[in-house]
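Q: Sharing the record's features from Swiss-Prot:
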type: BINDING; residues: C83, C87, C90; note: [4Fe-4S] cluster binding site
type: BINDING; residues: C129, C160, C220, R296; note: [2Fe-2S] cluster binding site
type: DOMAIN; residues: 68-292; note: domain 'Radical SAM core'
Amino acid sequence: MSALLNITEPNNNTNSNDNDFLASLTTDAPQAIASKYSREQIAQLFDLPLMDLLLQAQTIHRQNFNANEVQISTLLSIKTGNCPEDCGYCSQSGHHRDKTKLVAEKRIEVDKVIAAAKRAKATGSSRFCMGAAWKHPSAKDMPYVVELVKEVKALGLETCMTLGMLDTDQAAQLADAGLDYYNHNLDTSRSYYEQVVSTRSYDERLDTITNVRNSGINVCSGNIVGMGESRDDRIDWVHELLKMPKAPESIPVNLLVPIQGTPIGDKVLAEGQLSVLEWIRTIAVTRICCPSSYVRLSAGRESLSDAEQALAFMAGANSFFYGDKLLTTGNASQSGDDRLMRELGLTKQFAAPRAPKQVPVIDAMSGHQSQVVLAS
């Protein structure tokens, strides 16, 4: 594993322990140091000058992935609205339906889901994600979702589901069906969580993630940036990922889409939205701390410029949702995504990622030889 570029400079306001940590980014293999990150060290990463942070994140990204290849997923709502949870950002909550005016829909028939999966595969998605607005799937729902997993996998697609909380038996059923990923976001820090949701505890979210992990299904778990939380909350969220026995294989970093009629959406619309650059910082720190995870651009891309999305990829994102809709919110258009990928020189990942190619590079200033990873 290669060493990172040494970008630290003497700073009279930084103590020696801080300098030692930042210097370690230039000498330690990312996988070796990730589990050592303390909360204070994660905070130091957030505080780096943005260009330095992006350089570190992109270098680590290239050590673990093909830098110019992205994984494409498509997301379909298989049961929409009237959710019993009170998530303050979500239009699907039954608690907000009088204000959001979202029309609830029953479960989609299996054949219609399969038709959507076929369309997703034809346009280049390698993973098909299915979401249902439930607190948890009921016993009568399990045969339905198990059938969906089997039918979608038969098309040659990876499968992902987000259905709310799972107990150990439900996780085992989905694992037996062949489910590849299960999404259950932490959303934010433990301390800010009570400002977001009251009908499901933070520990219940962690319990579901544990049940998924123990079943052998890959974990997908991320956050929503821009709900009124502080940077400290974003630091705590990253630290929470590192407390897990293993970091999630897939980490969606959502940028809040404020929906009128939801408590958090109304608050953000009134007070102003978070800087996109802070979202990009969060992506970069996530990439550094979770070097082998896929970091996905999820909600919020529709409002971003090409340059902002390019910075997100520079920060280490290597996956995004493809399609004009994410559950009930808009998404960047497929034609726009195709054009952006062409302009950035990005290609779609259709199979298992190839091993990165390393080449020796001599630092002109020090004469030190290191390895730089090129796209294969």
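Our numbering is plain: 1 for the first residue shown, then up by one each step along the chain.
In case you wondered, yes, glycine gets a Cβ from its N, Cα and C as well.
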Q: Judged by the number of other CB atoms within 10 angstroms, which among C83, C129, C220 is the least packed of the binding-site residues?
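A: Counting other Cβ atoms within 10 Å of each of the binding-site residues C83, C129, C220, the minimum falls on C83.
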Q: Give the helix, strand or coil assignment DSSP yields for C90 ([4Fe-4S] cluster binding site).
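A: DSSP call for C90 ([4Fe-4S] cluster binding site): coil, neither helix nor strand.
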Q: Going by DSSP, is C220 ([2Fe-2S] cluster binding site) sitting in a helix, a strand, or coil?
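A: Note: C220 ([2Fe-2S] cluster binding site) is in a strand by DSSP.
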Q: Taking the Cβ of R296 ([2Fe-2S] cluster binding site) as the centre, count every other Cβ atom within 10 Å, in any protein chain shown.
A: 24
Q: Taking 8 Å from the centroid of the Cβ atoms of C129, C160, C220, R296 as the cut-off, which other residues in that chain fall inside it around the [2Fe-2S] cluster site?
A: S73, L75, R127, T162, Y181, N183, S250, P252
Q: If you count the C-beta atoms lying within 10 Å of each candidate's C-beta, which of the binding-site residues C87, C90 ends up with the smallest number?
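A: It is C87 that, of the binding-site residues C87, C90, has the fewest other Cβ atoms within 10 Å.
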Q: Checking the binding-site residues C83, C87, C90, which are within 10 Å of C160 ([2Fe-2S] cluster binding site) at the Cα level?
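A: Passing the 10 Å Cα cut: none.
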